[in-house]
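The next block holds one structure in the form of structure tokens; read it before the comments.
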Amino acid sequence: MDEGVNLVFHKKVIDGTAIKRLISRLIDHFGMAHTSHILDQVKTLGFQQATATSISLGIDDLLTIPSKGWLVQDAEQQSLSLEKHHHYGNVHAVEKLRQSIEVWYATSEYLRQEMNPNFRMTDPFNPVHIMSFSGARGNASQVHQLVGMRGLMSDPQGQMIDLPIQSNLREGLSLTEYIISCYGARKGVVDTAVRTSDAGYLTRRLVEVVQHIVVRRTDCGTLRGISVSPRRMPERIFIQTLIGRVLADDIYIGSRCIAIRNQDIGIGLVNRFISFRIQPISIRTPFTCRSTSWICRLCYGRSPTHGDLVELGEAVGIIAGQSIGEPGTQLTLRTFHTGGVFTGGTAEHVRAPSNGKIKFNFNEALVHPARTRHGHPALLCSMDLDVTIESEDILHNLTIPPKSFLLVQNNQYVESEQVIAEICAGTSTFHFKERVRKHIYSDSEGEMHWSTDVYHAPEFTYSNVHLLPKTSHLWILSGGSCRSRGAPFSLHKDQDQMNPRSTERERRYLSSLSANNDQIRYKFFSSSFSGKKKDDRSPGYSEMNRIICTLHCNLIYPSILRENSDLLAKRRRNRLVIPVQSSQEREKELIPHSGISIELPINGIFRKKSILAFFDDPRYRTKSSGITQYETMGMHSIVKKEGLVDYRGINEFKPKYQMTIDRFFFIPEEVHILPESSSIMVRNNSLIGVDTRIALNTRSRAGGLVRVERKKRGIALQIFSGTIHFPGETDKISWDSGILIPPGTGKRNSKESKKWKNGIYVQRITPTKKKHFVLFRPVVTYEIADGLNLARLFPPDLCQEKDNMQLQIVNYIVYGNGKPIREISDTSIQLVRTWFILNWDQDKKSASAEAAHASFVEVRAKGLIRDFLRIDLVKSPILDPRKRNDPSGSGLISDNVSDHTNINPFYSKPKMKQSPRQNHGTIRTLLNQNKECPSLMILSASNCFRMGPFNDVKSQNVIKESIKKDAIIQIRNSIGPLGTALQVVNFDSFYYFITHNQVLLTKYLQVENLKQTFQVLQYYLMDESGRIYNPDPRSNIVLNSFNLSWYFLPHNNYENSCEEISTIVSLGQFICENGCIAKNGPYLRSGQVLIVQLDSVVIRSAKPYLATPGATVHGHYGEILYDGDTVVTFLYEKSRSGDITQGLPKVEQVLEVRSVDSISVNLEKRVENWNEHITRILGFPWGFLIGAELTIVQSRISLVNKIQKVYRSQGVQIHNRHIEIIVRQITSKVLVSEDGMSNVFLPRELIGLLRAERTGRALEESICYKAFLLGITRTSLNTQSFISEASFQETARVLAKAALRGRIDWLKGLKENVVIGGMIPVGTGFKGLVHCSKQHKSIPKNKHFFEGEIRDILFHHRELFDSCISKNFHDTPEQSFRVFNDS
């Protein structure tokens, strides 16, 4: 063997590729016989070595890539940032999904590329590495899943699951990852079963198309070819394309010819081409062969089995069909290979070569603003853009190709390796794209608004589907909704209040005069804060099952109140103001708990003698069980306690019996309730000491006498402390259960009287079979004062009797006389509770029932906020039955809106359907298209927040930390413009604020110069044209104060900020989250400006949805959308996943030219483009003909590249010639136009391309035809042989049509001859039967002028074509129409 040849395989690893090269070299040098002998020796050597060296594979051989951790972390950071931008409304859902998939795909791919170098460096002889990279079993993708990450998966429908599997199979999957992994694996299993049959069927159809193609002649004489350039494809593919082909033209270097026409190309010639960098090489191809039904040797090239030109009679068609079909069978058998793992393509990036300032021509004709596929702002280049980067000493020039996105601004400083441009991969027609609809659903209910003009789609003129002309935001303004199908008059008026947990009831009234109120029963259920259920039957009212709902607010520490009394001195009649403080603020200020709790009814309405608050005095608390006694049995008068009546949710005080005692006694004892099965370790009536074990897990806390009683629920074990006396005479002891001896009744100076100075409790014990004895138990005495000093708790002004609103104090002993009290799990027991009862004098002038109304008022003093509870006497329309159905009256909506007292006796049998509402809210009217069904919108409290700088708060003796800047503080249920609990009759009085002029921070907080201000605020909803809504009275929105955000502006630059804010913020404006309103930082939530005041802005929270042009909006402006409704639909192009299980369907789609694929769309555009520009380029005469011709050439190249791309991605090598033969057949038909050659062909008749050209030349008239793509199935049914067609499909139809038309079958193909049993006209020995006639030899081979002209036009003006094609087809240069490649 030659020495040069020997060095090629010297000291190299022989893998699969090297073996192929070795065999081809051996065949070239030694021929087939010697090569087979050498290969036998190689095989024997291999088997011997494999037997001697075995390989074992263990789980420890799977080495995880070290860089995986930070790569995954980086991808998670990008995903998190993406989620934020989506929340802010900067990117929409499709862009977010697309970028998320590409981030994880890039991470997975990078890990896969890192895998091989990692193995080579750390463990080159790793069995996994050897196995997969030698080609024995497995491949990079499978090993990547074992040691890298499993990556993104497809679901059974082929859609992408955007949650990646970050683990690999070596680490193990989590539960979620396992379920997602099963999706893809299931898809792989199903595909394997289904597609195996498809592969066989594909082979059959392919063979059917090309079975008649046989090598029949040596040279067809064509002058055409396709040009291949080494610059436009990778070197490996360039070599594969050229080897075995035949040159269509001479190759010159300068004036020297190095290769001649019709010379076949070997490896040596290819190496010379590469080394000399010869530009476009024209090669012959089956596309340009002039044989109609056959193919010539030179257009086919070398035989794949041995290196010579193919012999005459070779059935190259069947070889081509099997070459493409057989790997398809292999592909389906390898579907489990990745198990549904997604593979796709990402855009190419242009990076800066060095640091410097970037400059380019910022011209609107060259670049214009756009959005990238991921929603980032960028500049779109419409043509080639020259970019210069100026560093310190070097100028770098770059050219950005057209249709690319420039990601930097002009004159911006860029760093080295920074991405400055993105070459969009989506412009190529070779990618598999599909148009997908993506629906975006609302995740909350609310009102729909949009910030741009929209227009109706033509097909949806009368519906609620709109198209967006430009990028804009859609807004869902928060608020609940409630539809009422009831009577046209509504209980709710615009700006009315709604109370917490209030229910909207849909009611139908059936007129019946017979029923009266006593026969109607109601049940009201509302959520409770305290979970107690009370059933109370009040006289004159039907039964109500209610759950008491109370709000507890604790009063501020009394000493501050006394100092603060100036604040409350000037007050109007019929009003009571009490400062309150929430428990959270009290904890922050470290103020001790005063124990006063205000108890507000749900609807904020107090009746007369309602309980306003209660006070638990810590002096009357005990931690032990015991008995309360008011006096001794013989000494105290009969006293009954007063009762509390629950009346419509208000604790009302009814003084039925007045307390007359001034003290009471508490006899402590220790009680243990034990289960019946427990073993007791002490006996009845025995004496024990402290900490004695009385049961298995129980010890006594005190010593004394033990009493054991068996009860229904278990064993009661009581321990009485005290002293035991054995009296001499039993009869003197009273037989009562016990006698209380108050202090001071015994002998003054005796030891016992000193010992029992608090009084004693005498109890007689009678044990069985033993002597009687008496137990003296200690007593705790509690003195009850004549009532708490009101001045100690409230400012003096509150205690004035002259006003008609009063506070009364009543002490209430919680437990009855002689009743045992049991402690519960170490909690203290309150024995006495002090009630504060609200009372007022009845106004004689008004006969209607008055009620007191509670509301919260807020005073802001230099950032320090104080809340006050204000109680006003009002005439409540809810308590007045006459005003119930008065449409002009508006008021509070309480829990019991449809109480029976308010139902007219003429209406009865109400049927109610309840829908509980969340929070205190305000009703708003809503514009509704449907007049029949009014709807309510309730703006609920959970969406409201306010922001403000709370700082510079300094006060002594009150430790208060400055609240952090921009803290979010929830607004109380009843504060502010939407929450004051006044009835809204006068619009002016609705907004009630207390403001201040000056604040002095001295020892205690004092507010001077108080004045009350009334503000009528701007408070309307705007429509898109800026006009104020004219609300429809039949539909309502209910706003809730918590849906609003309060934004307080800084006080230090008060005047400036007011001027600034008036220019920045306008009423009805939408503000995105993270945008800046004022100088003190970004705004925290998105929404619509609802109220603008001097020092604050109230914003109704809203959710933005970004929508791009062409998106479809569902719903009308101002319409209520519910949770889960479709907001917008995007139409976008998506790359189909390049999963191996989809390889075969792709090949089939291309070959069948299915309409779902994008080929037909692209071809249509290309034909149009060529028809527009061909006249300008080529001149008029041949324009249309050459346009159709080039369209066919372009479509053929495109098809070959698509099919090759699929197979090469799976590592399957198929020579282009095989695919070209198939593609030649499916593109060899043209469609006659309506106006063309009516005397020869019928309009819209399918004829062969060569036949059309020859007929046109023979008749010397122009032919009008269109390029037409047939799929392989239709091609099989459009052949010259009806026997072949009938044996494939639709036998009866084909034979019937052939009989009617009188078709002749010339039996030229293989299949026809097999069917009728004739000799097959194929085989290398068949050439002896084919004789050339003398007439054929005598014909001079003149080259026609037409061919010469076509050759001249097509191939001597290549530069002109290249520029035209690249501009009109929008292909990257690698994908020009004369190139065979897969890039």
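Easy rule for this one: first residue shown is 1, then count along the chain.
Using N, Cα and C of the backbone, Cβ positions are placed for all residues, glycine too.
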| field | Candidate from CYS220, CYS381 that Swiss-Prot assigns to the same Zn(2+) site as CYS289, CYS296, CYS299 | value | CYS220
| So which of the binding-site residues is most packed in, judged by how many other Cβ atoms lie within 10 Å of its Cβ, out of CYS220, CYS289, CYS296, CYS299? | CYS299
| note | Three-class DSSP assignment, CYS299 (Zn(2+) binding site), comes back as helix
| task | Other than CYS220, CYS289, CYS296, CYS299, which residues of the same chain sit close to Zn(2+)? List them in sequence order, counting a residue when its Cβ is within 8 Å of the Cβ centroid of the site. | result | ARG217, ASP219, THR222, ARG284, PRO286, THR288, ARG290, SER291, ILE295, ARG297, LEU298, TYR300
| query | Where does CYS220 (Zn(2+) binding site) sit in the DSSP three-state scheme? | reply | coil
